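Novice: According to TrEMBL, the protein carries these features:
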type: TRANSMEM; residues: 23-42; note: transmembrane segment
type: TRANSMEM; residues: 48-67; note: transmembrane segment
type: TRANSMEM; residues: 74-92; note: transmembrane segment
type: TRANSMEM; residues: 145-167; note: transmembrane segment
Amino acid sequence: MLDLLAHYLVSYLIARTIVEPRYALIIAFVGVVADVDALLGVHRWITHSTLGVLLASTPLLALAYVLGERYVKVVLLALLLYTLHLVLNLFTGPTPILYPLVGSIRVKLEVIGLYSDTGIALTPRITVETWKPDFTPQPAIEGPIVSEAGIILVVVTALVLVLDYLGKKRSVKQRIRAEHSITVRRWKR
């Protein structure tokens, strides 16, 4: 199961490519909203299904359309981040993404590597498992808030932000040099 931190950071890394980083910090919280069902005692319930996404997004998209194009872009980004949460969960445990059409689904994906004196072999394994969903309220819901995946994503996010900062700093210096060089050439004439 991906932890809340991992869901947030994946959402942030995607959102910052579409909106300004300061807005991405806020809208990335949509990436953890699907887990609100845990507060109701039934984790991976309607909030983890396409039906739930459609029920929530249809009125939001209609309202955004009335308010203007800018709002439609934000709602579509939120819809993308929310859906990404569901897709990521498919790989970590049974998720009722197609409920009520199909039960809960889990996808296992591996590539097995073999190296021997006869060569190298790669064998992909894809398994799709289905379960009958259990929406019985539980007295306690347990799940990771931070795990190895979240810590790895913290490191990756930090590297992306540092490299992005250094790239912007370098491009500012290049612009200043270019402007200075144009000014010097004009002055020499």
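A Cβ is built for glycine as well, from the same backbone N, Cα and C atoms used for every other residue.
A TrEMBL annotation is a machine prediction, not a hand-curated record.
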Novice: List, by number or range, the same-chain residues at least 6 past the transmembrane segment (48-67) whose CB is under 8 A from its CB atoms?
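Specialist: For the transmembrane segment (48-67), the far contacts come to 34, 37, 74-76, 78-79, 82-83, 86, 89, 95-100.
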Novice: In the same chain, who gets a Cβ under 8 Å from the transmembrane segment (23-42) while lying at least 6 residues past its ends?
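Specialist: Contacts with the transmembrane segment (23-42): 4, 7-12, 15-16, 48, 74, 77-78, 81-82, 84-86, 89, 135-139, 141, 143.
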